[in-house]
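A.B. asks: Got a structure here, written out as structure tokens. Questions coming.
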Amino acid sequence: MNLVKLTIDDKPVVVEKGTTLLEAAKSIGIKIPSLCYMKMDDMNFENKPGGCRVCVVEVEGRRNLAPACKTECTEGMEVHTHTVRVVNARRTVVELILSDHPAECLTCAKSGECELQDLAQNLGIREIHYTGEQSHYKGDQSPAIIREMDKCIMCRRCETACNEVQTVGVLSAVNRGFESVVAPAFEMDLDHSVCTYCGQCVAVCPTGALTERDYTWKVIEALVDPTKTVVVQTAPAVRAALGESFGMEAGTLVTGKMVSALRKLGFDYVFETDFAADLTIMEEGTELLDRLNRHLNGDKEVKLPILTSCCPGWVKFFEHQFPEMMDVPSTAKSPQQMFGSIAKSYFAKKMNKKREDLVVVSVMPCLAKKYECTREEFSVNGDPDVNVSISTRELAQLIRNANLDFAALPDDDFDQPLGESTGAGVIFGTTGGVIEAAVRTAYELHTGKHLERVDFKELRGMEGSRKATVDFDGLKLNIGIAHGLGNARKLLEEVKSGKSEFHAIEIMACPGGCIGGGGQPYHHGNVDVLKKRQRAIYEEDKGKPIRKSHENPFIQELYKEFLGKPMSDLSHELLHTHYFNRKKKAEIE
Amino acid sequence: MAKFKNHILVCGGTGCRASESEAIAVNLKRSIDENNLENDVQVVRTGCFGFCEKGPVVKMVPDNTFYVHVTPDDAEDLVLEHLIKGRKVERLLYVDPETKEHVSDSKHMDFYKKQIRIALRNCGFINPENIDEYIARDGYSALGTILDEMTPEESIKVVKDSGLRGRGGGGFPTGLKWEITLQSESEQKYVVCNADEGDPGAFMDRSILEGDPHSVLEAMAICGYCIGADTGLIYIRAEYPLAIKRLKIAIDQARDYGLLGKDIFGAGFNFDVEIRYGAGAFVCGEETALIHSMEGLRGEPTVKPPFPSVSGYKGKPTNVNNVETFANIPAIFLKGADWFRKIGTEKSPGTKVFALAGKVNNVGLIEVPMGTTLREVIFDIGGGIKGGKKFKAVQTGGPSGGCLTENHLDLPIDYDSLIASGSMMGSGGMIVMDEDDCMVSVAKFYLDFTVEESCGKCTPCRVGNKRLYELLEKITLGKGDEGDLTRLRNLANVIKDTALCGLGQTSPNPVLSTMDNFPEEYEAHVKESKCPAGQCRALMQYVINPKLCTGCTLCARVCPVDAISGDKKMPHFIDTSICIKCGACMDKCKFGAISIQ
Amino acid sequence: MAKVKIPENKVQELKDLCAKFNNEPGELINVLHGAQGMFGYLPAEIQEIVAEEMNVSVAHVYGVVTFYSFFSMLPKGKHPISICMGTACYVRGAEKVLDEFKRHLDVKVGETTPDGKFSLSCLRCVGACGLAPVVTIGERVYGRVSPEDVKGILGEY
């Protein structure tokens, strides 16, 4: 190993060659303020354009100040991070950013979570000495994401997320100089673009320039409407992250408190999306086995691998980017939509309610789900199966609005029948979970044998794309897993070129899967947060008495009472969907 | 050039072409044909002669008669009088402003006396569209010698020994740059010629490419051999159509002659050149931005290191030099590093080309040894200030440079002296200003340029320069206060200290140098709401002196906004609330009755 | 922005242009130069075709087009007028000349007159500093222009 020795603020430090000043300083407890910089190794996310110039430091012998995030340590360097020159420069730079930033902190959606606000506070900026023209851009409200680019500080993180990590390619820096901003082509609205609404841009935006579309008020309206029965479903990844919004350690499971809070908020029924996840496994697993058996019997028509379809960001991604492969993914709806569909048919009937009188609210770690529930094919006579989708962050907001002391809430249980779930449903919340859940069920259905070992550790992890072979009693099933759309694209290119060896592939749009969704409490670039949420998900799975979807008694009842069997005609009608070729020329206003 | 008795060299530089030099050449040819002289006389369209002020320029060879301000109608006289009758056409000769005498040979003109031409050695002498003429002046022989007799290391040593420094602005030692690129290990390396001359008021690179494109191609091939590259790329502004055309012709001819392509001079060395086009972004003159632009990206600079010599175009080691730097290379190899070192100063050997413009009598392109003083350039070569006005400042280095004053006139010009006095060499723009120029406005002009050309990547340049501009605007509108001067200086210093690239780091120079050299002018604007140069419109008022006004009504008629009223033969009056301060009335008044207060 | 309809044969020509550069993303700027040469400007529809052919996102193409001042998304006037705003021209009064053009044409810099006859732009140094201030209209270069000359120059068209 090649080591270099230097001093930072007179403290000696020895680091590996190639280490940046920012990292070296951090290693000895010196936190150099930074803004545009964000690096998440496991997520393949590295944004260090060296553009904001907040992290500048003084290096002896150098003419000008050096950006700590981009400057590599060299032997004998003497670095000073808080000389008058540095502090004055840093404060001036932040004042410049603020001089072109709306002073709307009091009403900004990002207030309290804003990295620019924190920075200004930490530097004690009390006056902006440089004022002048401010940038103004057209606002953009899509069903999922709101862009208020007046608040953009050109950190370029969203561009990195959209282009390098997700390879969606909606965003680019446009114009130049003072007019430069990050925008879709022709500054069109997101809903005219190829945006998947994965929300990873929102997840990394340091300011309020990119935020989710807030539907909390719509939820409150439904809750106070006496004519409505309001049903809520909560996705598995929410319980592993919601606590963070109330100051709890990342990875704290708050399932019981969450149920308690939802009940106090006035929801009539508190259910789980995990139930629908079990249902997804029944349908998707059956479809997998069906395709697999036909394939093994020499049917040339059948397409393999089968790709999961429970992630709406991923669905929109392939509709835009790989329309020629629309027959490859499973036709199973996402758990959110399966839930909505069952709630407004089976459950409504059971409760003797008209579907119009039922309001289905979903709490999701996701922003794409907001868009998904507006898709026309997921409604009946204009009545959507899922009426409103809110994010984990919005639920936290509702809880705060209701003056609930979240930490002090007692644990409560989900309602029946749509609140019963297995460990398999729970692990949908993390990358690898869907396919592991599918394997647990498919193994037993295929082999007719009891599966002893339910933990498929070979399918778990955080690497962007993974593969494993699972032995189905002699049948070797090759399984691929990708999270992050950039990794998905690579696997898809392989499938397209016919080189893919996989029988089944799980794809999640967000790095880490749903635990890293665009609607989760902000991680501010800390990958450990995601890892802790992942551990919590597996912990919940482990604690569940039933860990295979097909063993869920209420799923069995649902099929017995209503659907018949997986892939039945009614299942097809309610639980499966079709895709649209969205590869068309973007429209211009 | 041997077979003709006479040659008529017609300047084909952009300036002279704009004044119909092409029509002159056509008419000359027609007249020559009409008089059956086509076997004796050849018309040659050359590159820029440099003396743009007197353009279009036509030079007769071999007697070296230098005709100025020639029009297409003069062509016939040049043939009939000069060629046939052997009489000089006096009305087209240069008149010495001092002695008022005709000067026919350019070497006796003050404009040329102090110049030494290395980079421009062939400009105005050869037909740039004919490779033979370049070869006749020892073209490509340096390349031949190197390939034959020298190793890359030996060749680089020559460049290092010559002390040549990058002529594009920074002044980085060229030989050292080559050496670093040579030492960067890679299968593939590139030579890039930076011809994205974007400095408003500098046009030497274009003149070299238009007048002597082969010298650049030869130098790039030499560089390729030295660093181990087989591909050269010329990044040129799309706004330079003539230079592009001549470069393309030159590349084709060099390929035909085997001077580009495979196995050059049979030495087993392969090298070819491609052209890449800029698209109107000044920042692309910065080498990392230039490389990104060549890669099909937005021309945003990236933090150095890594330097292009280690990781450049497509991630490969890339040596970037500008046109003028390359143009020096063949001459250095032909005449030796020692010869080169003897010209110029110890730390800045050689010459520098300047585009001399502004309020100076002799606008043009000049090449002088480093160490020449500003006084020599402006007054001896430039012929002093136009209209007999008083010299006030000279701006060097374009938007990255600063304004120097009378106190700097005896400063020997080189990289280091200019930086020490708050300016810089830049690409060699030199704009002379007189007493009518407001220094706050000049700083504002440059900031306007920087704001428009900022790429937007880093905060200090994107927002900081905008704020600098706004402060200057406020001051020129008479709305500034003393606090603004403090803010201006602090902000300028911070931008210098924190901006990402060379463009941003030097953009405050026009502000800082004018603040340092003309503090009283800034103070007059903020303390007294006065513009001493009388240029800031918001601070001026046009008034009519009733004692001098005859009531001729001319001013009222010329006023575009009807701000002037008054009865015929009675003193007129300007309504200052309507007046847009265009100055048309003052220009028209025959009685000197209108003045600025 | 109004939709622009591109004739089928022109679309093919554009695709051929991209193919000439091997559909190599690094050649994007060369392709855009060619496309602007073909169409006079780069409307959204052209950028979409180029993006598709060069295998880059439309946002990327748009980001590049809006970065470089040479590329325009609006058609130029029949007679494009450019005022040189290089320093030499500036100190010799180019700003006043520009103001005069703006006043006569009643357009701002970057705009085209409603009849499509003239468009007005600024450029930096055409390298004819000896003729400062310089104005170009189409291919024609006007040197030593004073504000009083503007009316007459426009009258020529």
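Keep in mind that glycine also has a Cβ here, set from the backbone N, Cα and C atoms.
Not my notes, these are from TrEMBL:
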- C:C84, C:C89, C:C125, C:C129: [2Fe-2S] cluster binding site (BINDING)
A.B. asks: Please give me the CB contact count at 10 A for C:C129 ([2Fe-2S] cluster binding site), counting all chains in the structure.
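C.D. replies: A count of 32.
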A.B. asks: Hey, what's the Cβ neighbour count for C:C84 ([2Fe-2S] cluster binding site) at 10 Å?
C.D. replies: 31
A.B. asks: Using all protein chains in view, find how many other C-beta atoms are within 10 Å of the C-beta of C:C125 ([2Fe-2S] cluster binding site).
C.D. replies: 29
A.B. asks: Using a 10 Å radius around its CB, how many other CB atoms surround C:C89 ([2Fe-2S] cluster binding site)?
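C.D. replies: For C:C89 ([2Fe-2S] cluster binding site), the count of other Cβ atoms within 10 Å is 32.
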A.B. asks: Translate the DSSP assignment of C:C129 ([2Fe-2S] cluster binding site) into the three-state scheme.
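C.D. replies: In the DSSP reduction, C:C129 ([2Fe-2S] cluster binding site) maps to helix.
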A.B. asks: Can you tell me the three-state DSSP label for C:C89 ([2Fe-2S] cluster binding site)?
C.D. replies: helix
